[in-house]
Number of protein chains: 2
Amino acid sequence: MHHCMEMGMDVHKVVPPPYRSTFQKLKTKFKETFFPDDPLHQFKGQTSKKKWILGAQYVFPILEWGPNYSFKLFKSDIVSGLTIASLAIPQGISYAKLANLPAIVGLYSSFVPPLLYAILGSSRDLAVGPVSIASLIMGSMLMQEVSPSKEPVLFLQLAFTSTFFAGIFQASLGFLRLGFIIDFLSKATLIGFMAGAAVIVSLQQLKSLLGIKDFTKKMALIPVLTSVFQERREWSWQTILMGCCFLALLLLSRHISMKKPKLFWVSAGAPLVSVILSTLIVFAFKANSHGISVIGELPKGLNPPSWNMLQFKGSHLVLAIKTGITTGVIALTEGIAVGRTFAAIKDYRVDGNKEMIAIGLMNIVGSSTSCYITTGSFSRSAVNHNAGAKTAVSNIVMSVAVMVTLLFLMPLFQYTPNVILGAIIVTAVAGLIDIPAAYHIWKVDKYDFIVLVCAFLGVIFISVQEGLAIAVGISVFKILLQVTRPRTVVLGNIPGTDIFRDLQHYKESTVSVPGFLIISIEAAINFANTTYLNERILRWIEEEDEGEKHSSVRYVIIDMTAVSTIDTTGITLFGDLRKAITKRGLELVLVNPLAEVMEKLQKADESNELMRPDTLYLTVGEAVASLSMSMKNQASNIYNEEMQKQQQQQEEKPNVIDSSQSE
Amino acid sequence: MHHCMEMGMDVHKVVPPPYRSTFQKLKTKFKETFFPDDPLHQFKGQTSKKKWILGAQYVFPILEWGPNYSFKLFKSDIVSGLTIASLAIPQGISYAKLANLPAIVGLYSSFVPPLLYAILGSSRDLAVGPVSIASLIMGSMLMQEVSPSKEPVLFLQLAFTSTFFAGIFQASLGFLRLGFIIDFLSKATLIGFMAGAAVIVSLQQLKSLLGIKDFTKKMALIPVLTSVFQERREWSWQTILMGCCFLALLLLSRHISMKKPKLFWVSAGAPLVSVILSTLIVFAFKANSHGISVIGELPKGLNPPSWNMLQFKGSHLVLAIKTGITTGVIALTEGIAVGRTFAAIKDYRVDGNKEMIAIGLMNIVGSSTSCYITTGSFSRSAVNHNAGAKTAVSNIVMSVAVMVTLLFLMPLFQYTPNVILGAIIVTAVAGLIDIPAAYHIWKVDKYDFIVLVCAFLGVIFISVQEGLAIAVGISVFKILLQVTRPRTVVLGNIPGTDIFRDLQHYKESTVSVPGFLIISIEAAINFANTTYLNERILRWIEEEDEGEKHSSVRYVIIDMTAVSTIDTTGITLFGDLRKAITKRGLELVLVNPLAEVMEKLQKADESNELMRPDTLYLTVGEAVASLSMSMKNQASNIYNEEMQKQQQQQEEKPNVIDSSQSE
């Protein structure tokens, strides 16, 4: 390297990162994996009293905003709370039906969980209660083993039990800081899954919309449609007429609210209005004796305790746990996505892991007070936000409204027709089919679109939970495929600069540097891609050889700027490459290994072959500049040597032949 | 940007890559995933006759080297062939016992498969036949459902059937170009797994080494040890004495060969010598009637056909398929790793997918000629290489030697004691415990070491196949964890240059640039890490804010040099970040998005917010230079504006108050 110095060129040394012990490194990695949000940050440098207060506020966010609560905020919250109550009551009853549970359980679930969330939750906009997707999944999974019509008590017990396990699972994810698990449900998966679920739910509602009594218990498209057309005799025109009218009314109100967001109360109030209207009609015309089925009598009073109904043994325990985990994950995904969406709009932050604990505790307590799985609902939270909710007090207001209903208004629902509940569900889930988002995904990333379609088709043709599993599987497979086949590109120089960029991408502005093959590896190197990278890089070299008749390449430079980590298998790549490259008479040069890679290379490379200063540079530019110069020097040296040899050969010709024979 | 131009500064434009249609992109990706070795490359530009020849040579590599085969090569091959035959015969018998199969099947399996491999295989050093690990797994998996002592015929049928499925699976992996699946067995996994298997196999041999008759059928450590000590009465001193002597002899010969590689024939010949010696001893002393169990009579003659023994229905089919896939993968891994190792030493190349087809076909044919699973053996290939093998003809020579044995020498094995087979197996598997490699992994990568330990403990305490599954699971989990928590680092400038590097790593030489926070994302962005990256980057900004009382940061620069791909969820990161950053009064600048990322950003970014030329630069250096300048200009502009405002305020003070009230 001395010649560079002579020329005044500044070559920067590649150095290993400052020493840190294994323990320190593990600690950092652990912290970054499980505490990326640094939750203890705010406690730093506080007095111990302040620390206690902050700790209490961390566990009970209500202590944070409660003291500053004002009458002005309350005025907003009462309006929004009553608005979402008008939506929550009909939806609660409907969603309970979707889960094959008694309608009253839907109302119970709209009373206790919102109260708990108001104390524990950190979102100001989340409206908590039963939601359509989780209800659907719980209903369909439990139905695999137990019939809700034949063994209603056992079914209810299992629903509470799986709600309990869902809560345990959710809270554990939060406690164990494993919240990132829900990130594995990608946007594409969710859009496909939601759309599929919406189709399935809507089809299921044909039962109540057409007034069919003997309906299939299955969830997939084909059995449902078969059931619909086989039971054509059971279709009741009164039910169909009523259903169509109210469905049109509800969809119209939804359309109005979507067009003019200020009129959000139209769609928010429509379900309750429909329930009241339809109940009056049935009552007035005694339509329940003319083929229109009604909810029937509902018990008055608040949630009865249900901890005695939790089942921790028996043959259905595995199913209850599986159902709990599946519904728990889905409920969390919805709840946290909704919380984050509105937090981003109002510019505050929702802590994912904390939310998981809040939602988990809410479901654990819920399962012993006759509530089934609940979470933050997207549609009701949007209404809550539009109605001007300021804090979680709107959930308390809603809860009180539901309480009043439970205590005094239950007899009014006796004549509410089931068909109206079907119409409410269809209207609610119609919003889950997001065609513009699907189109956007198609435009940007075809593979993501395949994931979306698989989720959609899996849900409608196989089953809700298997469709979801397939989509998650394909998403993870995509990641593994990317890891297995990382991109490598050949870099070229932008003339007149020391910038090196992808030759294919910057076709116009870059040129390849004679004598050098510069390859950039664009991913972490590990056991799954070491073999591939080895073959691929050798192929780059071969292709370069073939391009020109006599390859002028002397140096293979590997730019490692994008190689963030490496493992023990990956490290062997460089030894193997060096051997293969040296055999071809070329030299391997590494550029800019990052901290972790540098450390591991150093530890593994006992012979210090890879770490020689003349094969390790900080930038591609410096490597090229410095090596070009030594190439020139060598060329003149070789020329001199050749001359000397020729002279020697002429002097001692016989000797040369001898030595070649002895080999 | 005009001011840069004015100053003569050269800012390079970031452009999208040249247009390619979706089909072209899919084609490239497909080719890179499944045909990274470009197998059709050699056919390019050849005449059609030449193409036929090349095609035939591709399918039958023997046509490639056969025509140039010479007597000189044959001399080398015959020596090495006879050497490996002397190893293959005792090992064949021993490994068949390991798989709970009749000893003769081990010899059959050393006859047909090597012949086939000589025609189909592309490695010149691979010695083909039964191997210990695959034998162990097949034996232990099949024993889960069928007892080899009670139903020997059914057991044999299942062994052939699962060999058939192993062959089908191996050949399909090759045909479908899915060879990368075996890459998921990382080095760490294999070392731990091999060591565990060696321990289990050795413990199993205590049965024959101690002369116990009623031995446990289980494979895990605890039942085996229990069995050994419970049956202490069955221990036979004659067997133990003989076993210890020969074990010492074999281990000594192995030690000699390891110390002096030139004496490789000592360990290569030792097993056969031991078999002959021990057989003579038993025969001379009639020791078989003194408690030393012997192999007994073996049928003379070549492999009988066994296609009529393949079972494609019945209750054990699932087990046969599972066993086939597991042993198939393990056998492939060993065979291909061995092939690649020796190919690298002699500098030729082994095509993974082609080898899979060769090994697969060999097992399919093997399963119908009374052979069980075979592959390239590491120990015998090493001997083959050391003995000077030049081509696959050494396999043919070995095969002929085995044939001679089968035809004429079988009666000689009648008195071979089982204890000697145990000693041979223990010596062979002792080489699988690679403590230096394990120490190397411990030194370089702690997580890989955990994977190793899990594989080891899983194999010895749970079961061979579950230990393997656990280790693969943990390896994949590590990759997913890396994907979920990608590294982000803050870059600083090396003063006097436009080089930007990790501030933590190059602590001494870099300084942070005032006014800028430069963050490098060091991984592909996808659904699994979008949320994390969003939070992490915002935390970097907050930490920067806290560091100084009045943060001077104006620009957040994100260096995307290491972001190789992005998906639809990942793209939302930049929109969300821009919103959050703008709210803090800062600006987001992107640097050097790579080809694929650039394309997708452009497609997704309809408002063209992220693609504005003043927020997109080709290098960090240019971004900093250009933005510093506009910062200075703004500063003077702001100063000017302030001055103007103050003047205005003094002139029209009442108006200002009015306008603030109206807000």
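Backbone N, Cα and C define each Cβ position, glycine as well.
Bear in mind that TrEMBL entries carry predicted annotations, made automatically and left uncurated.
What TrEMBL lists as domain 'STAS' is B:506-627. What TrEMBL lists as region 'Disordered' is B:639-663. Taken from TrEMBL, the feature transmembrane segment applies to B:101-119, B:155-176, B:188-206, B:235-252, B:264-285, B:396-413, B:419-442, B:449-477.
Taking Cβ pairs closer than 8 Å, the transmembrane segment (B:235-252) reaches residues 208-212, 267, 270-271, 274, 277-278, 281, 287, 290-293, 417, 419-420, 422-424, 426-427, 430 in its own chain, all 6 or more past its ends. Count of Cβ pairs under 8 Å against the transmembrane segment (B:449-477): among B:101-119, B:155-176, B:188-206, B:396-413, B:419-442, the largest is for B:188-206.
Tertiary proximity for the transmembrane segment (B:188-206) is limited to same-chain residues at least six positions away from its ends with a CB under 8 Å from its CB atoms, namely 98, 132-133, 136, 212, 219-221, 224-225, 228, 333, 337, 422-423, 425-426, 429-430, 432-434, 437-438, 441, 445, 448-449, 451-460, 464, 467-468, 471-472, 475. Taken through DSSP, the domain 'STAS' (B:506-627) splits into 55 helix, 21 strand, 46 coil. As a whole-number mean, the pLDDT of the domain 'STAS' (B:506-627) in this prediction is 86.
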